[in-house]
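Quick notes on the structure that follows.
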Amino acid sequence: MADAEEPPAKVARRNRWDSASGGSADAAAAPAALASSAAPVLSSSVLAAKELAKEALAKYQKAAEMQRAIQAQLGTGATPLGLPPTPKVATVTLDAQGRLLDERGKVIQTTAKPVTTIRANQTARTNPLLEEAAIPDPTASTYYDPRMTLPGLGRDQRKKRAFNFVAEGHFSRKADDLRAKAAVEQMLKEAQQSSKKHKDSAGETSSAVWVAPVSSTTLERRLAEVPVVEWWDAPLLKERTYNVDGGNLLLNVVTEAITHYIEHPVPIDPPSEPPPPPPMPLPLTKKERKKLRTQRRLAAEKEKQDQIRCGLIDPPPPKVKLANLMQAMKNEAVADPSAMEAKVRAEMAQRIKNHEMRNQARKLTPEERREKKRRKLTNDPSAGGTPVSLYRIDQMPNKQKLYKIDINAQQNHLTGVALLTEKCNLVVVEGGPKAQKRYRKLLTQRIDWAEMADDDDDDDDEEDRDEARRRASQVCKLVWEGAVVKPHFKNFRVEAARTYEAARKVLKDKGCEHYFDMAVRFGTGEDDPESDLDDDSDQSEGNGEDAAGGGEESDGEEANGAHDAMDTGGS
């Protein structure tokens, strides 16, 4: 029964490559045995793979949770779990000197040192193990010739010519040393001179003992010593010492010499050359002067407005007029127009009064007005000396003309003299260019010298009137015009002289007798033998009267040219 109940054995399927022989049974039995033996091995590897998969899944889930936590913390601004807080970026600023400052305002000290990247700026590296060989002195050689240049001498000179800064106080200390040395040399020189004089006075055979002068080293040491009492304290101390018994220095002070007065020493200019004069400003045109005046007024007004904004000065009161009364004082003008109108009229009257008072304050007094007029007449803007003019009048002026000559010279603050002779009348005036111009116009244009000619020739009816006018215009002529260093006269006066010698003596007493010689030669055309002070005469002694006449014409032209130049400068 048992044999009958056993299941029939499965017939192994034949492989297509297997043969149909008996070996097929063995081949079929072999895989069955292998499968039965490998079953437990496969089950253990599957379990291990499952465990690894579970661990990987757990790690992935944990990483995902951490990622979600980080994203949540970044969104809320909190720090991640388990991570330190992120440091805040420091704020760095620069000061006026270009230094780095932190948030507290402290200077950040940098420890980094500059590194040279250019090969030319890198210092040559020397081997400390090798000793530097001593450079031989070329001048010690027997073959050295100082007339020939040495190799490398140019490099040393270039190094010396390099740009180097001078330390502060270098030149002042050097100057102090030079002054001290000069003082020592001066004292030594004076000592030697005194000793030489002593020897000369005593003589070689004298038995007087002569003390040799001290040396420069000893003198310098004595000068460097601190004195017991300074020279400025000596008049105030009873005893020549600062050390007083008891330590009370006031007991040694002369109290009578101390007063409440302050002694101011006389200021002495330093022994130096005066500074060079500033450059002369360029003359400006009328348009440029007007532009500068406008700019100055705008700047002054802007400064005044800034002071008002800062509260330094009070703002000016509003300038209310009848035209802008309703716009400036709306409510008050509507409430009481009569009172506001009276107030505005009072303010207008006060402004007019203030304006007149300012004008009156600026107005010159009669004394100041006279001084200003005199200053304008006497001052010379060119500052080239005192202008002088010489006039020759051929005919003797009558009392009326003489009065005009005298009174106009005094009114124009001119000094000089009107010298009257028989044939040559000379007028010398000294004064400012403006007064000279007015006086020249008086003598040459305003005074009618034809009246004198008519008085002299009343019986000559045939003479033409124009010819009389022409001759009258030649009565007064300008002889010379120039400038002198200082005036020769203190006032203006009229003097009469009988002869030329007397007239020349009047001017000789003032040191200007050559004025009369010039007037005589200008009128007669003859050379005056007494004139040794001729004014740039180019004629020789043998030219005669014709040459002298030509020289007079040239002198007249030069005088007229100088006269025109003075007019141009005055205008």
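Just so you know, glycine gets a Cβ as well, placed from its N, Cα and C.
The compositional bias 'Low complexity' annotation in TrEMBL covers 18-30.
The compositional bias 'Basic and acidic residues' feature in TrEMBL is assigned to 359-370 (among others). In the compositional bias 'Basic and acidic residues' (359-370), the DSSP tally of helix, strand and coil residues is 9 helix, 0 strand, 3 coil.
Residues annotated as compositional bias 'Acidic residues' in TrEMBL: 525-539.
Here TrEMBL flags 560-571 (among others) as compositional bias 'Basic and acidic residues'.
Under the heading domain 'Pre-mRNA-splicing factor 3', TrEMBL lists 142-365. In the predicted model, the domain 'Pre-mRNA-splicing factor 3' (142-365) shows an average pLDDT of 82.
As annotated by TrEMBL, domain 'Small nuclear ribonucleoprotein Prp3 C-terminal' applies to 390-519.
What TrEMBL lists as region 'Disordered' is 1-30 (among others).
Sequence-distant contacts of the region 'Disordered' (359-390), counting only residues of its own chain at least 6 positions beyond either end whose CB sits under 8 Å from a CB of the stretch, comprise 412-413, 426-436, 439-440, 478-487, 515, 518-519, 566, 569. If you look up TrEMBL, you'll see 359-390 (among others) marked as region 'Disordered'.
The region 'Disordered' annotation in TrEMBL covers 522-571 (among others).
For the domain 'Small nuclear ribonucleoprotein Prp3 C-terminal' (390-519), the DSSP counts in helix, strand and coil order read 58 helix, 30 strand, 42 coil.
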